[in-house]
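To start, the structure itself, in structure tokens.
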């Protein structure tokens, strides 16, 4: 008990990052279990597991989306890997606000408790993660479940904001020149851009859901059309946050994958400046394409044309990144544990990107918007792309900070099983969506039953692959070592740990004796 309290009160960046990753894995497992219930209900004709309770089905899908987006991917890629890797890559011992760093953990835990509570309160929150009015107003959900859900969103946003401000201030505090930054890892660049996105759009979400909360509790009428409000206002405000949220999830993954590919390459032809500009372009354009999520909401033709064209523009900087990765991967050690996951990420991201180009056409989107085609698209990009990127970062940090080793054969089996299962799950959703299977409906026609059930079989393969990964990470007696290439040389985990410790101790020693950096004095108060 004392150890648990000490861990939850720690301000050490490595421990905080480890706690974030542990919480991320825990919440991701919970969300994955909810998806099992959803797939189990769909894998059969008529009523299966939920006894015909459609509201419960909507509660499950809502909680699944919330856990996966705000409590699994975002804390893992941003706060978890950020706390572990940014201090090391920027040569600083800690983040600049260690106590605020700890507060973010508590916000995240409180958010989970509220999400869990909202699912069990009365009929639950079956609004989907978008919380659209009028479905989210008291006429449709009169209990406290939606109110609790909204407060949980506030907690998740507060956790993300504290982590973002901390990371961006730490990178700024390092005071590296532009040339030095361009010669360093791309991960700090991706964290900086992502943090700027978060700081810009999370307040918009906070304002939108706060107005929704006042509509429910204090008789305001921002979104109540019967009292002069406009539900479309909420959709615009939400997606001003919601689409940059996609890049908030994927940009840190871009950074860690770029870092791993660059360091694993036998020779590098990496266009670092082009990659930085590409990430900046993606972030900037991402602010102006929100309404492509609203093609079916009654937008006029000219508006749909603008948002279709601007959505296609994102393919340009994205293609720069993809081709830069491919050029750098021409001669790369693919038996590297981290590199294997990077290749899987690239495959999933390309598949999801192709379907994204299809959906950018407003006329096509209006046909398939409410089908499983859209579900498959964003799962390929966000679920599979982000998860494989998170696995890349976790494996990189695991090898970097420990002396663990992984056997080649078992690792290849695990990656193959995970990739096959993931493709099987969501490719079947593409086929079902193209055939017209609607989402948010807890049943499927018998003509598509085989396609829907193949998704469940793919889930079984994914579970087996993840159990294999857990076994690999916990088994310390493996002898065949996968090389970890750093700056063109092959180092063991223990050597990397020694190098990391040496850098950490040198920086701490310098800070304790007061170092003047660009006219600013950094003293020992920074370390505390």
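Backbone N, Cα and C define each Cβ position, glycine as well.
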Correct range for transmembrane segment (source TrEMBL, candidates 29-51, 305-327): 305-327
Among ranges 123-148, 149-174, whichever one TrEMBL labels transmembrane segment: 149-174
Touch test for the transmembrane segment (186-213) and the transmembrane segment (269-290), at least 3 Cβ pairs under 8 Å: yes
Intrachain neighbours beyond the transmembrane segment (415-436), with Cβ under 8 angstroms and 6 or more residues off its ends: 340-341, 344, 347-348, 351, 355, 368, 371-377, 379-380, 383-384, 444, 447-448, 451-452, 454-455, 457-462, 464-466, 468-469
Arithmetic mean of per-residue pLDDT over the domain 'Cytochrome oxidase subunit I profile' (1-473): 89
Same-chain residue ranges lying at least 6 outside the transmembrane segment (380-403) that approach it to Cβ under 8 Å: 14, 17, 21, 24, 68-69, 73, 76-77, 80-81, 84-85, 88, 246, 249-250, 252-254, 256-257, 259-260, 337-338, 341-342, 344-345, 348-349, 351-353, 355-356, 422, 426, 469, 473, 484, 492-494, 496-497, 500
Long-range Cβ neighbours of the transmembrane segment (233-257) (under 8 Å; 6 or more residues past either end): 69, 73-74, 77-78, 81-82, 85, 130-133, 160, 185-191, 193-194, 197-198, 200-202, 204-205, 207-208, 211-212, 222-223, 279, 282-283, 286-287, 289-294, 297, 321, 325, 342, 345-346, 349, 378, 381-382, 385-386, 389-390, 392-393, 396
Selection from 100-121, 269-290, 339-360, the stretch that has most Cβ pairs under 8 A to the transmembrane segment (305-327): 269-290
